[in-house]
Amino acid sequence: MDTNVIIGIVAVVAIAIVLIAWGVWNDRSRKKALARAEAEAKAKADARIAAEQAQRESQSAAAQSAAESTSERTDAGEAPGSATAGGVAADKTAQEAPAKAEEPAPAAPESAPAASEPAPSPAPKPADKPESAGSRIQRLRAKLAKSTNPFGKALFNILTKDNLSEADWEDVEDTLLLADVGAEASEQLVEELRKDARITGKADAAEVRAGLKEKLLDLVGRDTDRRLNVNKPGANKPGVIIMVGVNGTGKTTTAGKLARLFVSEDKKVVMGAADTFRAAAADQLETWGAKVNVPVVRSDKDGADPASVAFEASARAKEDNADVLIIDTAGRLQNKANLMDELGKIRRVTEKNLPVDEVLLVLDATTGQNGMTQAKVFAEAIGITGVVLSKLDGSAKGGIVISVQKELGVPVKLVGLGEGPDDLAPFDPEGFVDGILA
Ligand SMILES: Nc1nc2c(ncn2[C@@H]2O[C@H](COP(=O)(O)OP(=O)(O)O)[C@@H](O)[C@H]2O)c(=O)[nH]1
Ligand SMILES: [Mg+2]
């Protein structure tokens, strides 16, 4: 072979080797540079996350210490605002989450309800002496009369006309509907009023007013027994009350106010935080417990078995020989079967220790007729013995009292008239109707 050809081949091979080596080296250094850049970015991100975390922690520590100092200063007239609001927001989130994710890990079997070891809270600090029941009722009666609605006035204006036209009667019925009296009751009331007007001819304003008051009182139920079962003679000791209802209706707040009402009657109370979905829910009840000087049995684990908390709470109430046990529950309404399961189990497990005297459904008056559908689900799921109509202070729809009782077949026993510890009153039909017609 020609030497030139050999030299040429060697040169080409040498060039190829050089090119390949250069390519490999280049690729490696590019990878190295990439890895370095990646590491730098990661380190930066880590630093940023750590800084943000530290900032959050310092903020929440500051908020907590502010909240602690506020709660120390809080007097009896204030509601535990932030805890309450937090609980509701979280409950709402919980309700929106898919049912599967929501369910806590399979609960301890009913036969061993103590498995999740709910811890009773330490003995509460002394709280101020609540207002006496008598003076509270007087004050709240005045508040209720003021809080009710424009529908009485509208009715009154229509009914004092000389001659009521067909359109006027329709207006009367519409006004009743707007006040949430319910379709059936509104129709019935208007029909009766028309009949009376036909009989008396031209009605005197005072007469119409008196007639309307009587009819409304009949509808509301003037002689209904509205006492809490735990207050009836011969009641169990401890008497047990379970609070149920949709999230945000006011169960926890009502449990706290109710505890305070019993404390004002020198009764010994224990509360159980069987809303275990989030620790915040138990914190909210505990805040009330501290405020009203009542021990709260709770679990520190999110998603602990609510029935085991109910079991522990009933055991504690029995052991302490308390007068009343109030059990707060969660109001997750993902489906009726789940609700029935959870509430049914709470009830059965409690009854291993103590009979349940009362299941109070808390209904938010501001949701009006919309709340009724959900209320019916609860009534079917656990069977209720009384209704608490909360937030009546913020509602022009007091007429819901009539339809609630009619549809659920149980009396409204208490009304919530604000967020403060003393803003709970026994439902008083006379005062209520006077308020409507004021
Ligand atoms: N205005 C008013 N607010 C109330 C009343 N009862 C409860 N609330 C408020 O309603 C919100 C939800 O109450 P909460 O007890 O947490 O409801 P739960 O989810 O059923 O336990 C809170 O902000 C309470 O302060 C009431 O009678 N009147
Ligand atoms: Mg609650």
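Including glycine, each Cβ sits where the backbone N, Cα and C put it.
Residues annotated as GTP binding site in TrEMBL: 245-252, 328-332, 390-393. The Cβ neighbour count for Gly248 (GTP binding site), using a 10 Å radius over every protein chain in view, is 20.
Feature annotation from TrEMBL assigns compositional bias 'Low complexity' to 50-69 (among others).
Look at TrEMBL and you will find 104-118 (among others) tagged as compositional bias 'Low complexity'.
Per TrEMBL, domain 'SRP54-type proteins GTP-binding' is recorded for 411-424. Note on the domain 'SRP54-type proteins GTP-binding' (411-424): DSSP counts are 0 helix, 6 strand, 8 coil.
Here TrEMBL flags 48-136 as region 'Disordered'.
Away from its own ends, the transmembrane segment (6-25) comes close to no residue of its chain (no Cβ-Cβ distance under 8 Å at least six residues beyond either end). Look at TrEMBL and you will find 6-25 tagged as transmembrane segment.
For the binding-site residues shown (Gly245, Lys251, Thr329), fewest C-beta neighbours within 10 angstroms: Gly245. Taking a Cβ distance under 6 Å to any atom of ligand 2 as the criterion, the binding-site residues Gly245, Gly248, Lys251, Thr329, Arg332, Leu392 reduce to Lys251. For the binding-site residues Arg332, Leu392, the greatest number of Cβ atoms within 10 Å around a candidate Cβ is found at Leu392.
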